[in-house]
Structure formats: structure tokens, C-alpha cells
Amino acid sequence: MLKSGLMDTDDQKVGVRVANIDMSERTDNVHLIEIRRIISLVGAAYFFFMTAWVVPVACVITVSLLFPLMLFSTPLFNYLEHKLCAMVNAHWNAVSVFVGATVTEYGTNLAGYAEEKCLLLANHLGLLDHFVLMQSLNGKGSIRSRWMWVIYNIWKYTPLGVMWTSHGNFFVNGGVSKRDSVLSSFRDHLKNSFYKYDYGWVIMYPEGSRLYLVKNSGRTFAEKNGLKPLDNCVYPRTGAAHAVLDVLGPTDDSLSMSKCGKGEPIKYIIDATIGYRKGAVPDICDVMMGDWESVEASQFAVHYDVIPVKPEWSDENLLKEFLYERYIIKDKLLAEFYKTGHFPGDKTKVIPNNYEMMFAQVFWGCLYYAHYVYWLRPLIVHSWTSFLSIF
């Protein structure tokens, strides 16, 4: 009886102690999660404000102040504007690193093509695609300073859109009815801007929109045209890519002059295949809060193939045939990636430059503050005073 009673008492004491320890650990874990949540919320608010307002406003005002330089030296203007563009990309990389995203590259090493004239065509899965490409290409020569993006015009009238316009990026409208007029404007833009402002790469998503928005219509298009339906991407729209090669493509196999006659032609097509683990594209709002479904979900990948441009691709039918073949290959690459977790070939993990990203935050913060003190605040005060004087 005594032994039994002692054992019961000890068990109860041990049970109480274990329960207390478990409850203490649970409380500590809850506090830790709450602290991390607060840090994520503060960080997300900071980077959203910087990305959506501070950087665009500071960049646009600075570029506007630089415009008079073009009366004296266009190369000097281009040099300074390209430096600003590089710092914009450094900030975007800081956002990627903050949320915990990593990028691994497969296929051809693009370092040797950084200073060439190239057309990069990427599949479009989600809003994070921009971060994947920006982080991947950031450390490769002057690409990040001298690229021209072709972007859907939903962003055009936002501060980001104004900033991208000031750099010379081109916005496209959807719809068949506007196709000819948009492509005509794009051709004019390429002729007037590409060489004048010393661009190097043109980057676009030829599928037209994010995959989940065009997957059904893409399958219908394939079936209607007797093509094999693709599962992981859709056949590209060739209009914009053809416009690039029709204006900037080579006149002959010597690759010495572009078709518009203004300089060195586009020599390479960069076929970029972006992949997310198991095909699940993370939501950008969840990502900003650090809410990843798994550790692997934050590990992005991109596969590069480099194809020399052929002069005959200025014929849209021949270009279409080539691009359709490439997207069949792309579909197979993505199928393998979703199955195995990696693309074929050697891989290289992109290492971000932490010092540059920290400097970018200081740079844009100080630049915005200077513009606010000397331009924005007086303008706001004057506008408000003028408005009140009406009444």
C-alpha cells in the first residue's frame, strides 16, 4: 500500500512538472511566433512603402532633373540614369532577401552574354517572376542597368509605372482590336529609344499574362490550331517578339547591323524557364509576411538556354514556328522540374550582395528626404494654401 501510494504521488508530481514545462514551452513558442509576426508586419510595411512610393518618387524626380543633361551629353545622362536603374534593382533584391526567397540557376551561364544585345523570353507564372529574374540577373554585368521591360499596362498609372516609363519600359494593352496599333507604337519606341538610351536587353513574357489566367484559352488555341496542348505553359504570342527582331534583329548572318540601321543588332534569344516547387506559385501577400507553405516553397529556380538569332526570324511565321518548338521544350522542362525539384544540368545558387542592398536602402531614403525637403514639401504646402484661398 505504501509503495503504491508513493509511486502514485511521484507520478503525479512528475506529471505536474512535465505539464508545467510543456505549458511554459508552448507559451514561449507563442510569444516567439508573435514577435516574428510583428517583425514580418513591420518589414512588409516598410518594403511596401519603399517600393510603391519612396523609390519611384525619388527616381522619377531625379531622372526629371537629369533630363537637361541631354542637351549637352546624352551618354552622361544614360550613365547616370543606368546607375539609378541599378539601385532600383538593388532595392528589389533587398525585398527578395527579406522575405527569404532564394534563386538557383540552371542551364547556360549568362555572364558571358551580359554585354551583348539580347531578347529574353520568360514564362509567366505569377507576380514573383519579376523578383526571380531581377535577383538572378542582378550581378551579371550591366544587364540590370540597361534592360527594357515590356509590361502589361495595369501598372502604367501607378508610381511604379511612372518610374518604369521614365526608364523607357514599354506598356502593352491586351485585346486583338489594339494589337496592330500597340505593335506599331512598340516598333516606333524601339527605333527611337533602344540605341539612343543605350539599352542592352529586352525582356518580356510572351504568353501574354500569368499562366492561371491564360491556361484555358491557351489550350483552346492549341486545339483550334492543331497543336499539342501544353500543361505547364501556353504557346506564346509572337507579335512583340517579332517586332523586336523586325526592328533590332540582324540584317544578315554577319550580325553587324540591325534592320533599323542604327547599331549592333539583337544577337541572342535567352529562353528563360521559371519554376516554383511542385508548380505552386506563392501568393505575394503571404510571401511579404513570410508565410511560406514550406521551406522549399521559397526556393525558386530558373533555367536558361541561349539561342543565336537568325536573320530569317524577321519573318513572323518562321519565328512563330521556332518559338512554338521552344515552348514545347519549356513544357517538358517544367514537367521534369515539378516531378524532381530541379532542372537538368549543373546548378548555381545566386548569392545576393548584402552590402549593396543595405546601401540601396540608405541611398533611396536619403534621396527621397532631400527631394521632400527641397521640392515635395514646398509644393504640397503651396498647393494646399492655394486650394484654401479659393474658399
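Cβ coordinates come from backbone N, Cα and C, glycine included.
Between the listed ranges 84-104, 147-167, Swiss-Prot ties the annotation transmembrane segment to 84-104.
The motif 'HXXXXD motif' annotation in Swiss-Prot falls on one of the ranges 28-33, 124-129, 208-213, 328-333, namely 124-129. The helix, strand and coil residue counts that DSSP assigns across the motif 'HXXXXD motif' (124-129) are 1 helix, 0 strand, 5 coil. Across the motif 'HXXXXD motif' (124-129), the prediction's mean pLDDT works out to 95.
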